[in-house]
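Structure, as structure tokens:
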Amino acid sequence: MASISLFPYSILKQTSPLARGTAYNRIYSTKTTGITVDVAESHVRRSANYEPSSWSFDHIQSLSSKYTGDDCVARANTLKESVKTMIRKEGNLLRTLELVDELQRLGISYLFEGEISNLLETIYYNHYKFPEKWNKFDLNLKALGFRLLRQHGYHVPQEIFLNFKDKNQNLNSYLLEDVVGMLNLYEASYHSFEDESILTEARDIATKYLKASLEKIDGSILSLVSHALDNRLHWRVPRVESKWFIEVYEKRVGASPTLIELAKLDFDMVQAIHLEDLKHASRWWRNTSWDTKLTFARDMLVENFLWTVGFSYLPNFSHGRRTITKVAAMITTLDDVYDVFGTLGELEQFTDVINRWDIKAIEQLPDYMKICFFGLYNSINDITYETLATKGFLILPYIKKAWADLCKSYLVEAQWYHRGHIPTLNEYLDNACVSISGPVALMHVHFLTSVSSTKEIHHCIERTQNIVRYVSLIFRLTDDLGTSLGEMERGDTLKSIQLYMHETGATEPEARSYIKSLIDKTWKKLNKERAIVSSESSREFIDYATNLARMAHFMYGEGDEDFRLDVIKSHVSSLLFTPIQGI
């Protein structure tokens, strides 16, 4: 199984036992995937030997930031006014688009939403709506405009790139030295829909060109090209990208000192808000006592919180980060109940209790499951009450169903494992799109947007079902690419890679290539759904949902497992604990 915050590569190879609490002590075997017997129970249980949290409660509560208070706010406001003046005075089309791109990548475009919205609307109708306008543009202007406008919901057809090849189907000679234009073409191609063959071909040509250019370029353009080839911009997590881009942009010749100062100050001020959100979630986590009572499960609260920063780093999503951290932590614990500790009989009972959502039914459960259900029940009811008190509508029916569906999907995978059933790839993916936890997390996100009525919520949920499906599929497949080996070593069910190999006789590299092609195809479907959304509330939700897919790429990147664990810890430190301007 897998879910938000699943880090199988964090499994420790312990040399001595480690017990936290007395209810269900962790018993470590000499091997990572060993079978252990819980002495408090007569059942044979698996152990994943998860390592303790790297960040203690006291450490988290001790964190603080100096980037708060009136002085910071006043300086930020002064800088914002200067940037607004820059936006108003910029008359060159290419430079205007570059400025919008810089503001986005620096992570400060949210401060100028109105100005950027007005700019792009004017640019679209004056320059990109009709072919006779954009036919005269060079490749760079076409590609940058295409990417930004599609990103913001404007329809620009793929035919804008028809003439980048000559009559022999080769790259036009005048483009051979246009590295920036080819880089923007490459990034633009990832906003394509299914069956947009021009963009597919453009991506292939641009990728080949950029790889060949790596030995011929240097400086900031080399950094941008290398970064893009590692992971395309459209698939990157905004907060992670802004941290990287601030450092790159600062070294660029001609970079704006005003933009640099504002980006750094805003990053640190927003980070201070994130610290308070994390401290709030940490207090909730300690109050559940799950870290001491359910010691077979992972204590991944900080990593869970990092996921929520991926959903949205913006200051106005503070309540959302606090709520989704709770959701992610509960998902992680439930995942370990089903994946590692529970017997099949217990899991069937527990799933029934979750489905009934009846506190009286817990008498039939073992003690550890009573603790788990009580914690889930109380936390979900608290979240429901907060929404009722602040927004005036009852979300419990939606939330209960989402959690019940998650547990049912977990049970299906547990039954497959215990009964030795090998599902088809399609059977696996249908269930895995739920068990990956995307639907339950995104159901909570629905109620954290600016929706103002039950009717609006219901419409948004119906309208975005495909979005949830596509995001969850990307989530699942990237998880499989990044963690299948670790989970298989732990004794988990077969994943998409192994199932494709089993069904087709493919080698592992061939299977991985196929899964990557499925991810790319699903992104194209997601792009199409993003483009046809009309309501503002749905668009807000879709932005959050798309960021979940981006976080999956970030968290489950391929590579050595120990290396990835170190990378995640490094990002936790740089994104959450270390101000750009210094402590």
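Cβ atoms are placed via backbone N, Cα and C, with glycine included.
Feature list (source: Swiss-Prot):
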- R298, D335, D339, R476, D479: (2E)-geranyl diphosphate binding site (BINDING)
- D335, D339: Mg(2+) 1 binding site (BINDING)
- D335, D339: Mg(2+) 2 binding site (BINDING)
- D479, T483, E487: Mg(2+) 3 binding site (BINDING)
- 335-339: motif 'DDXXD motif' (MOTIF)
- 1-40: transit peptide (TRANSIT)
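When the Cα positions of R298, D335, D339, R476, D479 are compared pair by pair, the longest gap among these (2E)-geranyl diphosphate-binding residues is 20 Å.
Summarising model confidence by region, the motif 'DDXXD motif' (335-339) averages a pLDDT of 95. Here the binding-site residues are R298, R476, and the one ringed by the most other CB atoms within 10 angstroms is R476. The two recorded residues R476 ((2E)-geranyl diphosphate binding site) and T483 (Mg(2+) 3 binding site) have their Cα atoms spaced 10 Å from each other.
DSSP assignment over the motif 'DDXXD motif' (335-339) gives 5 helix, 0 strand, 0 coil. Mapped onto three states, the DSSP output places R298 ((2E)-geranyl diphosphate binding site) in coil. Distance between Cα atoms for D339 ((2E)-geranyl diphosphate binding site) and T483 (Mg(2+) 3 binding site): 14 Å, as a whole number. The Cβ of D479 ((2E)-geranyl diphosphate binding site) has 24 other Cβ atoms within 10 Å, all protein chains considered. Working note on the binding-site residues D335, D339: by count of other C-beta atoms within 10 Å of each C-beta, D339 ranks first. Rounded to a whole number, the C-alpha distance linking T483 (Mg(2+) 3 binding site) with D335 ((2E)-geranyl diphosphate binding site) is 15 angstrom.
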